[in-house]
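Enquirer: The following feature annotations were taken from TrEMBL:
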TRANSMEM  5-23  transmembrane segment
TRANSMEM  29-46  transmembrane segment
TRANSMEM  53-73  transmembrane segment
TRANSMEM  79-98  transmembrane segment
TRANSMEM  105-131  transmembrane segment
TRANSMEM  143-166  transmembrane segment
TRANSMEM  187-207  transmembrane segment
TRANSMEM  227-250  transmembrane segment
TRANSMEM  276-298  transmembrane segment
TRANSMEM  310-332  transmembrane segment
TRANSMEM  344-366  transmembrane segment
TRANSMEM  372-393  transmembrane segment
Amino acid sequence: MKTAVFKLVLASFIFTLFFNIFIFKTLPGFSVSLFFVAIHIFLFSIKNKNVTNLRLALIFSAMAIFFAVLFVVRDNTVVQFLNFVAALTVTVLATFLYKIPQRFSFLLTSLISSPFLIGIASVLGLTAFSLKNNKKIEQTPSVNIISFVRGGVVSLLLFIIILSLLRSADPIFSNFTNYISQQITDRLIISSIIFTILITIGLAKVTELRESELSLKNYINPSVYELAAICLTVITTFTAFILIQFRYLFSSFGERELHKIGIASLTYSEYVRKGFFELVIVSLIATLVIAFVLIFIKDFKSIKQKFLKIITSLLIFETGMIILSATKRLFLYIDNHGLTRIRVFGFLFLIWISILLIIFLVRIYFELKSDILFYSYILITVLILISANVINIDKLIATRFKPTINNEIDYFYTSSLSADAIDSWKETIVVSEAKTAELETKSSYSKEDNRIAFWTGRSLYRLRENLSVIVEGYGTMDEISKWHEGRNIEGISKMRETGEISDLPEFIKIRRKWQSKNLSKIQAYNIVHKDFGTYLRLNELIRKLNDVQKKINTQVNEDPQFDRSSQPPLVE
């Protein structure tokens, strides 16, 4: 027991030390990959000595590290979020498998319950350990507290004297100790929290719930009539929708011919924008209904079971038709108005649901083992997540399927995308220069001119924000100096004088740490670096546009038209 506790404390201390050296005060980048690699080494070191799921636990550890590594490949925040959630979810499952002594049941309910079981076991484990050690202390002779305090005081005085002398002897060491002392409070708090969490996880004695406890059948026992009523309600509603939509689904009409099939909307944008997401939600609800029915379908006798199989199969077919309708709307929108992030992820979600429905259809007529089903669900989820990483979504949107509004490319949207869309940034500058030059030649301005100037300015400001991150995080001192020329930013002026990285503002120094870096941003910087002069024109262009906007404001009193989302790309 003492050896196990010592091993746990040592592993927790090493992880906390590693966190302080490599991860503390860094931005999400390679630091995320380092964190998950370290946490899985820790989990392996504290695994249950009677573990029976070691191979499976190692597979999930490898998966978690894989998604953590993918985190640094793309700069798309949604893709990064999905990778982080995937890595975290698989880490929880790996922790569960490292800790439980019995064989894993391969039930999804076990997967869902695992974080709660780990949390409860961690609290109980820490409490039991504390009570056990309190009893031991009561039974042992009193400790010589005076000797302990005396030794501590002498050590502290010796430390202060030696530290003062060393700080006086070397200015670099003095600066280092000053830097450490400034962060000591934050480090102590965060380190204490991490160390405590690791200790509690290590002390946890996790046991998987029995299969009977994990089954919904112990808590819900619907009759065949209840299940049939639920399915038939959805089927009837879907049938009416599909019959009305049939002509639309299998016909090709131009945007101005929608009235021929009874659509009152003037544009696809107006018709498709709303309908797509409602159909995605409806498809998800139908899939959940099918999954619920499949839990109980095998419990009924032949005639009732056959009846449920037929209506469930029909529901799967109609859900597929609903997905087809959503997909049709999506492609109509793409043809006329380009792509947006949320539509790409919505489409990937529909693919995931479609594959789930195929698995459900197989389950209706064939008996599949729980482990095969478990691996199937994990596999399709992993493949969809990998697809989101392999496809450069932001580049696809910004270069091939550019979003449009009012029959013009929405450069505000493309400028708001991540560094993955670097290939479109130069085009934004060139087009904005042309628009600004045209506005400069005018002596009188209209509401339309005000709208163009407003959204061009918003696009350039958003682009400058993105480029600032690239230049500050990856550029040379000379590039940073030129990029911020004419702007009063604390720390930049001093850096211009000395040329030293250490004189940069703290937020830029954190951004420049290798742990904060991202492969997509590195690639983006290489492109910016090769043609830095073009991107540097952005600051002068913004100044010119601001001058034009001042002239417009003297003639046009109305606010510009908000014809698009003001917070892309997450909203749209």
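Glycine too: its Cβ is placed from the backbone N, Cα and C atoms.
Remember, TrEMBL labels are computer predictions, not curated facts.
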Enquirer: At a C-beta cut-off of under 8 Å, are there same-chain residues at least 6 beyond the transmembrane segment (310-332) that contact it? List them, or none.
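Expert: Sequence-distant neighbours of the transmembrane segment (310-332): 228, 231-232, 234-235, 238-239, 241-242, 245, 248-249, 268, 271-272, 275-276, 279-280, 282-283, 286-287, 289-290, 293-294, 297, 343, 346-347, 350, 353-354, 357, 360-361, 364.
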Enquirer: Under an 8 Å Cβ to Cβ limit, what residues of the same chain, 6 or more beyond the ends of the transmembrane segment (29-46), are close to it?
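Expert: Result: 7-8, 11-12, 14-15, 18-19, 22-23, 57-58, 61, 64-65, 67-69, 71-72, 84, 87, 91, 94-95, 98, 198, 201-202, 514-518.
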Enquirer: What residues elsewhere in the chain lie close to the transmembrane segment (276-298), defined as a C-beta under 8 angstroms and at least 6 residues from its ends?
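Expert: Long-range Cβ neighbours of the transmembrane segment (276-298): 216-217, 222, 227, 230-231, 234, 238, 305, 308-309, 312, 315-316, 318-319, 322-323, 325-326, 329-330, 333, 342-343, 346, 349-350, 353, 356-357, 360, 363-364.
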